[in-house]
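What Swiss-Prot annotates here:
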BINDING   His25, Asp52, Glu56  Fe cation 1 binding site
BINDING   Glu56  Fe cation 2 binding site
Amino acid sequence: MKTFEILKHLQADAIVLFMKVHNFHWNVKGTDFFNVHKATEEIYEEFADMFDDLAERIVQLGHHPLVTLSEAIKLTRVKEETKTSFHSKDIFKEILEDYKYLEKEFKELSNTAEKEGDKVTVTYADDQLAKLQKSIWMLQAHLA
């Protein structure tokens, strides 16, 4: 797979995760509602930024980003969540798994971009990896 193709898959993943985390944000139940509501808002905002950054990088590489949800659904590898009631521990476990998946995908992006001599995408991917690894560490500590 080429760099721009991985970017498109990640763009699809980002928009699906944006919606998935909104579902958690709106439908969390329990005594820690306020904390989880705030935390999930921060997370879905990160996915919105990621979606836009990925699209802009795709354009910079001379390709067209995803512009429809139907395209995103075809390309995503993220499992959508259709339930509408959640407890915080389940939410954070699911987000942790999604972060681990993204970590793997951004490593692939970094390696592929490196092989193609695309230093800008390598830097972007490595920056995302640093953020994801910190988030993974924090969620693992929270769930311990």
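Keep in mind that glycine also has a Cβ here, set from the backbone N, Cα and C atoms.
Listed in sequence order, Val36, His37, Thr40, Glu41, Tyr44 are the same-chain residues six or more apart from His25 (Fe cation 1 binding site) with CB atoms under 8 A from its CB. Here the Cβ of Glu56 (Fe cation 1 binding site) has 14 other Cβ atoms within 10 Å, regardless of which shown protein chain they belong to. Of all the Cβ atoms in the protein chains shown, 13 others lie within 10 Å of the Cβ of Asp52 (Fe cation 1 binding site).
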